[in-house]
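Enquirer: Feature list, courtesy of Swiss-Prot:
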BINDING   104-120, 127-128, LYS135, 152-153, TYR158, ASP524, MET534  FAD binding site
BINDING   ARG293, ALA532  substrate binding site
TRANSIT   1-91  transit peptide
Amino acid sequence: MSIVGLVSVVCPSGGIKKRYFSKGLDNFQGFRSSECLGIQLQVPVPFYSGIRQSPRATSLQVVCKDCPRPELEGAVNFLEAAQLSASFRSSPRPEKGLEVVVVGAGLAGLSTAKYLADAGHKPILLESRDVLGGKIAAWKDKDGDWYETGLHIFFGAYPNVQNLFGELGINDRLQWKEHSMIFAMPNKPGEFSRFDFPEVLPAPLNGIWAILRNNEMLTWPEKVRFAIGLLPAMVGGQAYVEAQDGLTVTEWMRRQGVPDRVNDEVFIAMSKALNFINPDELSMQCILIALNRFLQEKHGSKMAFLDGNPPERLCMPIVDHIQSLGGRAQLNSRLQKIELNPDGTVKHFVLGNGNIITGDAYVVAAPVDILKLLLPQEWREIPYFQKLDKLVGVPVINVHIWFDRKLKNTYDHLLFTRSPLLSVYADMSVTCKEYYDPNRSMLELVFAPAEEWISRSDSEIIERTMKELAKLFPDEIAADQSKAKILKYHVVKTPRSVYKTIPDCEPCRPLQRSPIEGFYLAGDYTNQKYLASMEGAVLSGKLCAQSIVQDYELLVRRSKKASTAEMTVV
């Protein structure tokens with residue numbers, strides 16, 4: 001599930017727009033994607049190597065009512081992910097580690113650098129902004145409160161992410177919630193319907209039981225027709241799933257004779273949570289992959305929240321690990337240009353400040369929209385890069401609202417709103433240790449689909465959000481704030497987030513190894529089985545690192561050849 005964002009709105013001067021609620025004041029700007037991509041943020045902190053976590057970031061003392069960590073280690077996908085991780089640590093140590101320049105310190109870039117370091121190489125990680133994380137970045141406001149690019153959920157069906165936490169020794173930073181999916185009931189304001197997965201049953205029986213036990217959202221005839229519609233996917237396996245890439249969710253359901261109410265009751269919410277778009281746009285392959293992971297693994301749909309802000313609680317431990325093995329991470333280092341050799345390979349990277357960075361190999365782990373802006377003209381006619389035109393980031397808005405009181409009609413869990421404009425939300429003052437507050441609620445909400453709203457003012461977005469919240473909290477929230485009052489809010493706009501998983505995108509997703517010798521890609525849009533998600537980003541980084549390790553001899557010869565050519569020129 002891709003409940004994440006990418007880029008916060010930035011000022012024309014390059015700073016981040018921080019939003020505070022103030023009556024009569026709303027002069028913050030919304031930007032189109034072309035106005036956001038590639039802007040360099042000017043922050044005078046050149047390296048992360050001199051920064052260490054504060055004691056507060058290391059030990060969070062608040063005790064929350066979380067569930068025990070599920071037993072994931074026996075799952076086939078977890079074991080496969082663990083084996084891939086181990087292959088880097090056990091690979092033959094190189095005589096001299098490759099210097100690999102990795103652009104982008106989101107999860108894909110961090111993963112690439114981490115596993116290259118595990119294999120004995122020296123990654124140089126470059127991030128254009130002043131903060132680690134990419135789509136999971138977060139910032140602290142003047143009051144010391146954090147606001148994030150998205151609402152980040154860690155599933156049991158994320159084997160590479162779960163292995164990563166274990167490898168870093170930070171499993172305890174995931175706050176596992178009860179194994180349930182909770183949906184708001186639009187026709188019954190203030191009420192919710194649950195799908196509870198019993199711990200005593202194995203998969204897929206626990207999921208089937210959860211569906212059968214819920215009689216508030218689907219009738220028995222609807223459940224039967226939905227099950228019959230899914231039979232081809234169960235029988236046909238992966239080949240069938242891949243063949244559905246050409247259909248939207250809505251088209252597939254009509255072909256299979258699934259009632260429209262199944263779409264209205266379940267798949268609108270699921271589509272928006274997975275890719276921030278509605279079922280009439282989303283590829284059915286995306287839904288089938290998610291259902292397969294959730295139903296075939298006992299703990300696949302079990303959810304966890306990170307216990308604090310992602311840059312400190314997840315990204316910084318990865319950077320510390322990379323640096324401990326000889327790699328380095330550099331912030332405020334925007335890639336300006338990819339300079340080429342006469343043969344079309346990469347000569348070096350030119351940064352926004354004019355500095356030149358050279359390496360034995362080069363990785364771009366930035367979002368696909370940024371990559372397309374950076375592609376040298378000489379590469380644009382190559383089919384591998386031409387196919388990227390089909391991949392476009394989807395807009396999303398993340399909203400944080402601090403209220404003057406503790407809301408009662410909420411759960412210690414992720415909640416699906418089933419609202420036309422809101423996707424999912426959580427009361428972070430309850431679900432997350434670092435954001436815990438016994439007296440006031442902080443709701444974090446994903447506003448999607450956001451295409452029609454991305455350029456609107458913050459006040460318009462907050463006004464519409466409050467109208468939707470009044471339906472979820474009819475006794476506690478009113479659109480005019482006559483009940484709970486807003487203390488402050490932050491609105492984080494992401495014009496281009498994860499790639500839009502529309503039909504026929506799958507053939508356009510590139511392999512991590514490009515046809516350009518020594519040049520590689522990482523990102524959830526690249527070819528890997530988990531689509532647009534945190535899991536997909538981490539796996540793409542591992543596959544990218546694997547390709548580089550496999551190409552070691554070739555890359556060494558290439559570097560020696562380049563050095564010889566330079567000496568000859570001199």
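The backbone N, Cα and C atoms fix where each Cβ goes, glycine too.
On this model, are these features tucked inside or out on the surface, and what's nearby?
Expert: In sequence order, PHE88, LEU98, VAL100, VAL102, LYS122, PRO123, GLY327, ALA545, ILE548, VAL549 are the residues of the chain that are 6 or more apart from LEU116 (FAD binding site) and have a CB within less than 8 Å of its CB.
DSSP classifies ALA532 (substrate binding site) as coil under the three-state reduction.
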Enquirer: Using Cα coordinates, what distance in whole Å links THR112 (FAD binding site) and ALA532 (substrate binding site)?
Expert: 17
Enquirer: Just to be sure I understand the packing, how many Cβ atoms besides its own are within 10 Å of the Cβ of ALA532 (substrate binding site)?
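Expert: Around ALA532 (substrate binding site), other Cβ atoms within 10 Å: 27.
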Enquirer: Do you know offhand how many angstrom separate GLY104 (FAD binding site) and ARG293 (substrate binding site) by C-alpha?
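Expert: Rounded to the nearest whole number, the Cα-Cα distance is 28 Å.
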